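> The annotation active site, proton acceptor is assigned in TrEMBL to Glu339. TrEMBL lists Thr57, Gly96 with the feature FAD binding site. Among the features that TrEMBL reports, domain 'Acyl-coenzyme A oxidase N-terminal' is placed at 7-51. Per TrEMBL, domain 'Acyl-CoA oxidase C-alpha1' is recorded for 193-353. The domain 'Acyl-CoA oxidase C-terminal' annotation in TrEMBL covers 427-550.
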Amino acid sequence: MLMGNGLGSAITKDGNPLALHYVMFLPALISQASQEQMAYWIGRAWAGQIIGTYAQTELGHGSFLRGLETTATYDPDSEEFVLHSPTITSIKWWPGGLGKTANHAVVMAQLYTEGKCWGPHAFIVQLRDLDTHASLPGISVGEIGPRLGTNSQDNGFLRLHHVRIPRLHMLMQHAQVTKSGEYVQPASSKLTYGTMVFVRVAICFDAGRQLQRAVTIATRYSAVRRQSELVPGEGEVQVLDYQTQQHKLLPQLATVFAVTFSARRLWETYNSVTHGPKEAQLALLPELHVLSCGLKAACASDCSLGCDVCRLACGGHGYLASSNLPRIVTATTATQTYEGENTVMWLQVARYVTFSSAIYRTASMVQVLSCLFQQLAQVARTYLYLLKVYSDGLESGEEAGPSVQFLREPRPDLTAPSHARLTNYGLVMGWRVAVVALLQEAQQELQRRVAAGQQPDRARDACSLTLVDAAQCYIRGHMCCQFVAGVDELQGLSAGTTLVLQQLCRLYLLYHASSSHLLRHGWLSGADVSQLEAEYRALLTELRQDAVAL
């Protein structure tokens, strides 16, 4: 239901104090509580008898989960956990709804039992009296102060002073602590990925919804606003008739669809995995987790920048609060830092792609690309389709590269009449080639530094910019692929609507094909770039007439 309605549909003008109750507190219970715990908590939470939030980030630690300082020490004599914030930096900081609204929280704390630390685990803690709403003994809680935006979300702080909770308030679907204090390890630490995947998909949907609002406002404004004469004496024209304005807005319009197709596909895959056999969860949740990290970072960044482009496209009027654009911009900007700061997300994707990079040492580009698509097919079934088309070309005896038929198609063009045009699949494949090349660069640089005596971790950090580039190419290619496949799979639309969506998809691919990585690593030639730029400009003209309808 949450995904169907979209998180954005529940957002107030400046944030929603109940957002984390539905998007993090309830999902955490569903994915981490035992059956007995869910029977006790879920009904009350769903009915609003208790209001929860999710308290993980601390004043001193955000994305570095292992560095959390809040402790939960088990006392076997009383069968209770003692939760404590030992330092100023261990104060929980930022949870939405914590400042004034929530009376419960899922608190992430370092678990100590039998003299050993077992790492961060989730605990349900009651914060406020259910009748008076006063904070309970040992709990200091309040708002953190005004923010750049979302000030209705009452982001708060929480400091715990030796607060005791029952043993069964530790969420125990995966790991348990017995009455005697024995720690029972989970079957796999990977099982905790589910909540993070859920939340990050929600962020993708929300960021896309905000860009949807911004581009709707800016496109309608540009169709109404008239400014200057294109041809002297013919009167002022709609701002949207200018190619420069089309270049600002139409790629943002296409981005909304790219985000939607990508987030929906990840959400469908996540649901199919989590409702499947436990073995499938263990095998696929790490890949889904990494893909959700990358999509969260890409969608947050694309949509944040896109919303500001829409604001700028409205000139001075976009700076007015009444345009709603300043609020949209500030709300969307926040997605780049909460639930995983974007740079940290990219480094996680880079780490995964690097660890999976043994396939990149295969002898030929044919094997490299084939292995790569087989790997990616595990997390996105769309790649099975691309792999089949690509394999069919190889089996027919064609060489890998720009001459493979499905990568290029003949198309007479004014700028290069004899040059075959890169197809959508050819452009998608270019991102995969860039990933391969960037990982090879990083590997060579890493080996050079280690051979020169540099400590391996420091050598890896020195290669992090290249690795982040590889991660971003990996995700951009995924989003391009999802857009292509999403349009191809649509049914029941008129021929005209289908054509417009195909054009919009092509525009998105061409807009991002200007990346230097596709040119630098040899997938595009100078002639390709000139041809693609000409096609891009032609598509701006074609799609201008459908911009408002889209």
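Glycine is treated like the rest: Cβ placed from N, Cα and C.
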> When the domain 'Acyl-CoA oxidase C-terminal' (427-550) is classified with DSSP, how many of its residues are helical, how many are strand and how many are coil?
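Summed by class, the stretch gives 101 helix, 0 strand, 23 coil.
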> What does DSSP give as the helix, strand and coil breakdown of the domain 'Acyl-coenzyme A oxidase N-terminal' (7-51)?
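Helix (H, G, I), strand (E, B), coil: 30 helix, 2 strand, 13 coil.
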> Do you know offhand how many angstrom separate Thr57 (FAD binding site) and Glu339 (active site, proton acceptor) by C-alpha?
9
> Which residue, of the recorded positions Thr57, Gly96, Glu339, has its CB surrounded by the fewest other CB atoms within 10 A?
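Candidates: the recorded positions Thr57, Gly96, Glu339. Fewest Cβ atoms within 10 Å: Thr57.
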> Work out how many Å separate Gly96 (FAD binding site) and Glu339 (active site, proton acceptor) at their Cα atoms, rounded off.
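Answer for this pair: 11 Å between alpha carbons.
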